[in-house]
Amino acid sequence: MKKPIEFYLSGDRVYSTREKAINQLYNNRGYGELKGDKLFLSLIEAAYLTEKGWIKVVDKDKELKFDDLMKLGKSRDEDFDIKYIVYKDLRDRGYIVKSALKFGSHYRVYRKDAEHSDWLIWVLRENQRLSPNDITARARVAHGVRKNMVLAIVDEDGDVVYYKVEWIKF
């Protein structure tokens, strides 16, 4: 994209009514959620696309840069930074990444052009504890909706390691 598409901050999301945004970002690349004639992006999507130079975010006539969006996201979610690292890693690998809040996870991940997601991703810091009950519950939900449960562990250097968790019945 040559000229960044303008988006406007609205609460914990950004939106655009521009047809170019809908065609290039939503229809062609799977970003955001379309509601009527508006394309809404999460703050993580907005930060990613701002960092790539594809969009610019405006709040009250002031442009929000990548660092501003990261700071805003971190003020609303203490794990915003690691969720962003995982989001960026998956998007850079060519996957479509959507919220998985309704499945009790952070992300649903789709292969490009796939209608259904293959994975549910739960993002954790390397030193963060997760109880066996948390792991079991997430694996059970993923199995119930025919998806693979994946733990994305982010170390202090910002590197991500993915662990697939399977529900096995004997």
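Heads up, the Cβ atoms here are built off N, Cα and C, so glycines get one too.
The active site annotation in Swiss-Prot covers TYR110 (among others). Around TYR110 (active site), taking its Cβ as the centre, 18 other Cβ atoms fall within 10 Å, counting all chains.
DSSP gives HIS116 (active site) a coil state; it is part of no helix or strand. Residues or ranges marked as active site in Swiss-Prot (evidence: sequence analysis): HIS116 (among others).
What Swiss-Prot lists as active site is LYS147 (among others). Around the Cβ of LYS147 (active site), 20 further Cβ atoms fall within 10 Å across all displayed protein chains.
A straight line from the CA of TYR110 (active site) to the CA of LYS147 (active site) spans 10 Å.
Using a 10 Å Cβ-Cβ cutoff, HIS116 (active site) registers 10 neighbours. For the pair LYS147 (active site) and HIS116 (active site), the Cα-Cα distance reads 9 Å.
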